[in-house]
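S.K.: One structure is given below, represented as structure tokens, and several questions about it will come after.
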């Protein structure tokens with residue numbers, strides 16, 4: 001890794017920790033801004049114009065979100081006790097909207113698939129995992145269960161299911177999958193931070209394994225995926241099981257946080273939202289199963305016990321992520 005990348009990568013980690021551990025609104029906002037300025041140079045590519053285009057889109061979107069957050073903070077600090085409860089509710093919505101834009105939740109997700117499509121797998125992994133930590137924790141600390149949050153949960157689940165079905169780009173498939181998981185994570189953080197932490201860690205682990213396989217195979221589209229896996233049964237099995245775990249199918253590891261989230265929602269009488277989440281998550285399961293089944297039935301001339309360097313290097317992490325309950 002080049003020196004400047006190490007420098008900005010360290011700054012990105014520090015800024016995230018600064019944002020989530022701040023006791024002041026402005027230091028929190030500064031942490032988010034430092035995070036933005038740290039990750040933009042990591043997008044840079046000399047040989048490819050698409051990462052540079054993605055960095056511009058990401059910068060503009062995140063700047064708009066930061067402006068909304070800063071405006072909400074300034075209005076909060078200038079409020080007095082005479083301000084009505086309705087005004088306070090609108091400021092909460094404004095602040096939370098800024099966080100939702102930053103994490104790419106629907107209906108503020110329009111930038112997310114386009115930015116992800118222009119990035120390599122390393123940056124895709126950062127965007128799907130690390131870059132969601134700060135806005136999610138800040139949203140959790142400022143969350144109030146209301147109609148606005150409920151609509152975000154429903155729209156994230158609905159849009160990810162509908163728009164992800166016909167995608168052929170693996171980056172966009174994982175992006176819409178991430179939007180769907182955002183709806184589940186927001187639902188989990190309404191009741192328990194521990195469930196959210198467990199959900200995020202399991203999701204991150206599965207995403208790391210999937211992206212690690214795709215990166216080593218140099219695959220970006222479904223057709224490339226099937227051709228690349230044509231000669232290795234073990235990679236087919238590990239990749240398929242990881243996608244099934246990502247979809248939350250029992251008895252894989254990804255089922256546990258969804259099951260706990262549904263339990264908490266039912267205990268709190270949120271029957272409608274939990275039902276909608278389950279129904280629209282079935283749509284995302286369709287393209288998970290489509291990828292898994294197509295990967296498994298492709299012709300292979302190699303025996304199961306013959307593994308290449310890739311499958312050996314990723315074996316341990318993959319088996320952990322698809323661990324049976």
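Counting begins at 1 with the first residue displayed.
Note that Cβ sites are derived from N, Cα and C of the backbone, with glycine treated the same way.
TrEMBL: automatically predicted annotations, no manual curation.
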S.K.: TrEMBL lists transmembrane segment for one of the ranges 177-195, 196-214, 215-233; which is that range?
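M.R.: Residues 196-214 are the ones TrEMBL records as transmembrane segment.
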S.K.: In TrEMBL, one of 103-124, 235-256 is tagged transmembrane segment. Which stretch would that be?
M.R.: 235-256
S.K.: Of the listed stretches (7-28, 58-77, 145-166, 196-214, 235-256), which one yields the highest count of Cβ-Cβ distances below 8 Å with the transmembrane segment (268-289)?
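M.R.: When the Cβ pairs under 8 Å are tallied, 145-166 comes out ahead.
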S.K.: So which residues does the transmembrane segment (145-166) touch in its own chain, when a touch means Cβ under 8 Å and the partner is 6 or more beyond its ends?
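M.R.: Cβ under 8 Å, 6 or more out: 89, 93, 96, 100, 105-107, 109, 113, 172-173, 176-177, 179-180, 182-184, 186-187, 190, 273, 276-277, 280-284, 286-287.
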